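Here's the structure, in structure tokens; my notes come after.
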Amino acid sequence: MKSIAAVAISDGPDFNIPEIMAAGICTGAILLVLGATGLMQLVYKLIPLSVVRGIQLSQGLAFAMTAVKYIRKVQDFSKSKSKENRHWVGLDGLILAIVCACFIIVINGAGKERNERETSNVDDEERNMRSTRIKKTMANIPSAFIVFLLGVVLAFIRKPAVVKDIKFGPSSMEVVQFTSHAWKQGFIKGTIPQLPLSILNSVIAVCKLSSDLFPGKELSATSVSITVGLMNLVGCWFGAIPCCHGAGGLAGQYKFGGRSGGCVAILGAAELVLGLVLGTSLVRILDWFPVGILGVLLLFAGIELAMTCRDTNSKGECFVMLICTAVSLVGSSAAPGFVCGMVVHLLLKLRLHLFN
């Protein structure tokens with residue numbers, strides 16, 4: 001949950017583990033109630049498509065712009081800011097990032113058009129069949145996984161001594177102890193700014209993106225909201241970072257070939273095994289993962305999310321979408337953009353009613 005994480009990074013000791021977990025539990029509880037009562041499904045039906053597209057476009061562009069910063073600048077994550085320009089040559093250099101980006105473009109291209117039709121010309125049939133076979137072969141190459149494995153190998157090359165820091169076994173877990181102050185701070189500083197983002201990007205945008213990517217298999221806003229609530233109500237008591245679904249994550253998985261429930265199940269099982277086997281040692285390894293490669297993967301995930309807005313045809317819908325996007329990007333939050341988008345949408349409806 002990005003808003004909660006942002007507060008934790010900026011406030012430091014004043015917003016520590018109990019406050020973070022309290023924010024996650026409160027957010028999860030509200031989402032669970034909204035889902036169980038059917039209110040989330042009602043909200044999903046009432047929000048116009050142009051506003052949803054504005055949220056998706058702003059999130060996609062935000063991911064892409066952050067990715068470009070990761071690629072161009074050396075990042076200091078401890079202080080959440082960029083340092084000097086990245087060197088061209090090196091194990092985390094610009095050339096490496098550019099090569100990885102070119103590799104992904106060659107393998108995945110711009111993505112398959114949902115309306116893609118094959119020509120029925122008999123003369124072109126053999127050529128089309130050959131082209132289709134090549135595309136299917138290319139699509140089966142796990143480009144993102146190959147790039148990720150390259151990054152892991154480079155992490156060990158950059159810091160060979162990290163091998164000595166590896167300790168097998170899970171990290172110790174204990175129930176987080178909360179105070180009334182932690183609940184108060186967690187709700188005010190964490191839950192309140194996070195809730196609009198979770199509703200809009202983790203539920204509404206995810207459901208809409210799912211119906212776009214997988215026609216005829218639309219997710220229920222009720223089920224998505226309930227799952228977000230449950231995962232935080234269970235995990236945050238034991239120190240799990242507050243988390244939720246995200247349209248960017250779904251777009252990234254789709255872009256790189258993860259298009260079934262089995263893919264997500266395999267991913268979850270792999271993360272579970274890594275957590276139990278390596279524990280905190282995994283963080284020490286990933287500390288040396290090339291940030292430029294991370295930026296490349298994030299860039300394509302953000303672009304895939306932003307491209308879902310290409311079906312916005314009418315000028316009025318584009319107008320609302322772009323206002324929503326602009327305000328969201330400037331305000332660094334989906335909430336102001338959502339409010340402005342809804343106001344503009346209602347004003348356009350009122351104008352149409354008055355002058356027609």
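For all residues, glycine too, the Cβ spot is worked out from N, Cα and C.
Remember, TrEMBL labels are computer predictions, not curated facts.
These figures come from a predicted structure and were not determined experimentally.
Features reported for this protein in TrEMBL:
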TRANSMEM  20-44  transmembrane segment
TRANSMEM  51-68  transmembrane segment
TRANSMEM  88-107  transmembrane segment
TRANSMEM  137-157  transmembrane segment
TRANSMEM  219-241  transmembrane segment
TRANSMEM  262-282  transmembrane segment
TRANSMEM  288-307  transmembrane segment
TRANSMEM  319-348  transmembrane segment
Counting CB pairs under 8 Å, which listed stretch among 88-107, 262-282, 319-348 touches the transmembrane segment (51-68) the most? 319-348
Thinking of Cβ pairs under 8 Å, which stretch from 88-107, 137-157, 219-241, 262-282 has the most of them with the transmembrane segment (20-44)? 219-241
What else in the chain is close to the transmembrane segment (219-241), if you only count residues 6 or more beyond its ends and a Cβ gap under 8 Å? 1, 5, 17, 20-22, 24-25, 27-36, 38, 40-41, 43-44, 173-176, 198-199, 202-204, 206-207, 210-211
Sequence-distant residues near the transmembrane segment (88-107) by C-beta distance (under 8 Å, 6 or more away from its ends) are 71-72, 138, 141, 143-144, 146-147, 150, 154, 157-158, 290-293, 295-296, 299-300
